[in-house]
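First the structure, which I've put down as structure tokens, then a few questions once you've had a look.
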Amino acid sequence: MGCCGSTERTKREWKPLEDRSCTDLPWFLLFTVFCVGMGSICGFTIATGGAGRLVFGYDSYGNTCGQRNEQIEGVRLSGLDQTDKKYVFFLDPCNIDIVQRKIKSMALCVSLCPDEELKTYQDLKRFAMHNGSELCSYELAGHKYPSLPERFDKCPKLPVPPSKSLPVFNRCTPVDISCYAKFAEAVVTFVSDNSVLHRLIGGVIASKEIIVGLCLLALVLSMILMLIIRYISAVLVWILTAMVVLGSLAGTSILWWLYIDHRLTEAEMTRDNAQALLVYAIAATVFTVILLLLMLFMRKRVALTIALFHVAGKVFIHLPLLTLQPFCTFLALLLFWMYWGLVLLFLGTTGNPVQNEETGLTEFRLTGPLQYMTWYHAVGLIWISEFILACQQMTVAGAVVTYYYTRDKTRLPVTPILSSVLRLMRYHLGTVAKGSFIITLVKIPRLMLMYVHNQLKGKENAFARCMLKTCICCLWCLEKCLNYLNQVGVVGLIAWTHGRLLRGEWLIIMARTE
């Protein structure tokens with residue numbers, strides 16, 4: 001304002017703050033320590049041989065194929081030199097018996113997978129003599145296969161189907177497509193006796209088509225939504241508003257019509273049904289009246305919403321590379337999930353060798369405090385995934401706020417998205433870690449309750465089922481509210497650090513003028 005009551009007003013300068021500092025630095029340090037712990041788990045599995053056992057495979061006596069092995073106390077035929085035997089061969093690959101996700105078929109290290117069908121024990125002997133690859137247990141001599149009484153238990157089931165080795169995991173895989181599915185399932189399952197790992201791995205493998213399909217569906221819907229926001233946002237808002245209003249009116253009318261119709265035929269209905277219809281009709285009427293009043297008093301807000309959608313559509317014109325940002329986020333999530341799944345498989349073959357009393361086979365299990373590494377790894381899946389998603393929100397918010405607060409659009413930065421990424425990495429990683437951790441704290445109990453609910457399905461009483469569903473629903477609502485507050489906080493933080501945020505003045509002005 002000018003001097004002496006002058007109406008002249010000074011022009012407000014909208015520019016980024018010059019003096020900035022890192023936000024929530026302790027949370028950034030905590031997240032860094034947590035990520036170091038995640039990396040340490042991977043290093044532990046590699047150092048203790050879990051990664052090697054997964055990649056190269058191991059036999060039923062605890063020997064890792066393709067390398068020298070140390071003697072395992074109390075396990076016979078362990079500590080063998082398997083340098084020349086690089087492939088894992090299952091004695092019964094087309095009929096693998098899995099009991100509670102435990103593999104019972106004996107596995108051996110062999111130097112060559114049978115590439116032709118072996119129908120008799122003479123064929124097994126011939127294959128061993130010609131190729132030096134013995135397909136029966138190590139204590140049986142290859143030239144004696146046809147005459148040994150142990151051949152029925154310690155030799156492969158006849159006929160032995162032709163197989164070939166996998167390119168990475170060195171397993172003899174049956175060529176027969178009909179039995180390949182069971183064998184592939186067994187290869188994934190043959191990691192340890194850890195039921196938690198088996199459920200996680202088995203669930204991902206069983207739902208891989210659904211997961212990929214949902215990802216593609218989300219991608220298609222996102223692209224459609226971008227087109228809608230750009231071109232038909234105004235029509236869409238009014239169509240949705242009209243559909244909600246008409247739907248409420250139609251639902252209310254139907255309920256009253258049903259009530260009046262049943263009243264006219266009162267002899268054919270019970271009194272309780274009539275009262276229920278009356279309650280539903282009154283509740284629907286109250287809801288419809290409230291909705292109509294809200295639409296009446298907030299009609300200007302609807303127009304403002306349309307204007308905001310219109311401005312959002314213009315953002316994609318001035319920042320076209322913003323459309324590629326979700327792909328980058330998806331790629332980051334995909335790479336992290338692949339790493340997480342690989343380390344999970346490593347954990348499945350890590351631990352101390354234990355001989356299964358039921359089958360006599362050697363398995364590797366995490367014992368003592370080491371078994372909690374699986375839970376640590378599971379928490380890392382949620383926290384780091386939420387962290388990556390929050391980084392996407394912060395990047396988009398920074399780029400869009402830069403667009404909003406630049407009056408002259410010709411003076412936009414050359415790379416506003418890259419500037420937003422650099423600003424995020426320089427100042428706000430702690431805030432992102434803090435927000436994603438809060439979401440993780442809510443999501444973990446909800447997932448645990450969902451797991452308990454699925455395990456008790458059909459066993460719990462009605463009260464317990466109702467309480468579980470209520471808790472799950474409440475935690476879901478709390479998670480959505482926190483997600484919304486996180487997004488609002490992200491936009492507010494970026495806007496405040498980019499310029500002065502006063503009642504969203506400039507945002508509203510742009511929505512009304514552009």
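Here the Cβ of each residue, glycine as well, is placed from N, Cα and C on the backbone.
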So which range, 25-47, 462-484, gets flagged transmembrane segment in TrEMBL?
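Going through 25-47, 462-484 one by one, TrEMBL flags 25-47 as transmembrane segment.
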What stretch, picked from 235-257, 277-297, 329-348, has the most CB pairs under 8 A with the transmembrane segment (25-47)?
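Per the Cβ count, the answer is 329-348.
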Which of 210-229, 303-322, 329-348 shares the most C-beta pairs under 8 angstroms with the transmembrane segment (235-257)?
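Ranked by Cβ pairs under 8 Å, first place goes to 303-322.
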Kindly say whether the transmembrane segment (329-348) and the transmembrane segment (303-322) touch, using the definition of 3 or more Cβ pairs under 8 Å where each pair is 6 or more positions apart.
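Contact absent: fewer than 3 Cβ pairs fall under 8 Å.
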Are there three or more C-beta pairs under 8 angstroms joining the transmembrane segment (375-405) and the transmembrane segment (210-229), sequence spacing 6 or more?
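The answer is no, given that the two segments have fewer than 3 Cβ pairs within the 8 Å cut-off.
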